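Annotated features, as they stand in TrEMBL:
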BINDING   165  substrate binding site
BINDING   195  heme b binding site
DISULFID  37-116  disulfide bond
DISULFID  70-75  disulfide bond
DISULFID  122-322  disulfide bond
DISULFID  202-234  disulfide bond
SIGNAL    1-22  signal peptide
SITE      64  site 'Transition state stabilizer'
């Protein structure tokens with residue numbers, strides 16, 4: 001073989017390798033369990049849909065757990081780990097105290113383990129279940145989930161600050177946190193659209209109602225009529241047990257309505273209102289008012305988020321139970 005032909009063969013081989021990996025995000029891929037546990041995806045979906053039928057808030061719960069997992073140490077299931085002894089796990093951090101749905105993940109994992117022992121990671125179970133719970137009303141998957149994540153064995157409450165976006169954050173802080181995770185401004189706005197489902201505790205936004213600048217005033221960027229309504233639901237001081245819909249009259253519907261209320265200055269959190277303070281982000285908000293645009297973009301951004309700092313190959317482990325690391 002002469003040098004020219006050898007170079008051509010090498011180039012073609014490289015192109016084939018690149019083509020094979022084009023759909024591979026951080027080592028993740030479609031049909032990862034096709035041979036090792038072909039029933040995995042259907043099993044997770046069937047259990048999740050059964051649970052979602054009984055609890056219409058499950059989509060919001062699991063989506064939030066998935067977000068909180070991926071933004072801290074990557075999508076490695078570390079948020080699922082219980083504290084051990086005096087060590088505070090991610091679950092103990094203040095932003096995570098209101099997370100819910102861990103029992104559902106435990107139940108799914110138990111049944112998946114019975115079908116395919118030591119094969120499907122908790123991180124993948126969570127990624128699939130979050131998608132499936134949100135998708136249940138549509139009776140079809142609303143975005144693709146690539147798989148192959150492995151489970152981390154470290155979970156520290158001290159890792160939360162600076163990694164998890166805060167409802168009190170301004171735009172520059174949000175953009176910086178997302179950028180550290182490989183996500184851009186478009187992803188920031190799109191993923192904020194998850195606030196179209198679920199509820200929030202009064203303490204996460206009460207300062208906007210009663211003491212925005214420390215002078216007993218309200219946030220001027222919050223719609224005054226909406227603020228008055230919120231004050232009736234959340235008297236001062238805030239009751240820790242009281243919750244409010246993040247997307248008024250639409251908190252059980254996964255749709256683009258969140259972006260309509262943003263334009264009306266009815267975003268519940270300071271971080272919601274912050275999206276309108278940046279010209280580029282505000283343009284994305286307008287674009288996502290179209291349901292088709294939102295669903296399409298949300299799927300793309302979820303695929304990116306689901307690949308944040310993932311453990312693949314021989315890194316990490318496949319936990320037998322999602323709340324505890326395997327015993328060596």
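Cβ atoms are placed via backbone N, Cα and C, with glycine included.
The disulfide-bonded residues 116, 202, 322 differ in how many other CB atoms lie within 10 Å of their CB, and the one with the most is 322. Nearest in space to residue 322 (disulfide bond), taking C-alpha to C-alpha distance over the recorded positions 64, 70, 75, 165, 195, is 75.
A sphere of 10 angstroms centred on the C-beta of residue 64 (site 'Transition state stabilizer') encloses 22 other C-beta atoms. Listed in sequence order, 112, 115, 116, 119, 120 are the same-chain residues six or more apart from residue 37 (disulfide bond) with CB atoms under 8 A from its CB. The residue listed as 'heme b binding site' and residue 64 (site 'Transition state stabilizer') are 9 Å apart (CA-CA, integer value).
Remark: of the disulfide-bonded residues 70, 234, the most isolated position is 234 (fewest other Cβ atoms within 10 Å of its Cβ). Residue 165 (substrate binding site) sits 11 Å from residue 70 (disulfide bond), taking the CA atoms of both as reference points.
In sequence order, 66, 69, 123, 126, 127, 149, 305, 306, 307, 308, 309, 310 make up the list of same-chain residues 6 or more apart from residue 75 (disulfide bond) whose Cβ falls under 8 Å from its Cβ.
Of all the recorded positions in the list 70, 195, 202, 234, the shortest Cα-Cα distance to residue 122 (disulfide bond) is found for 70.
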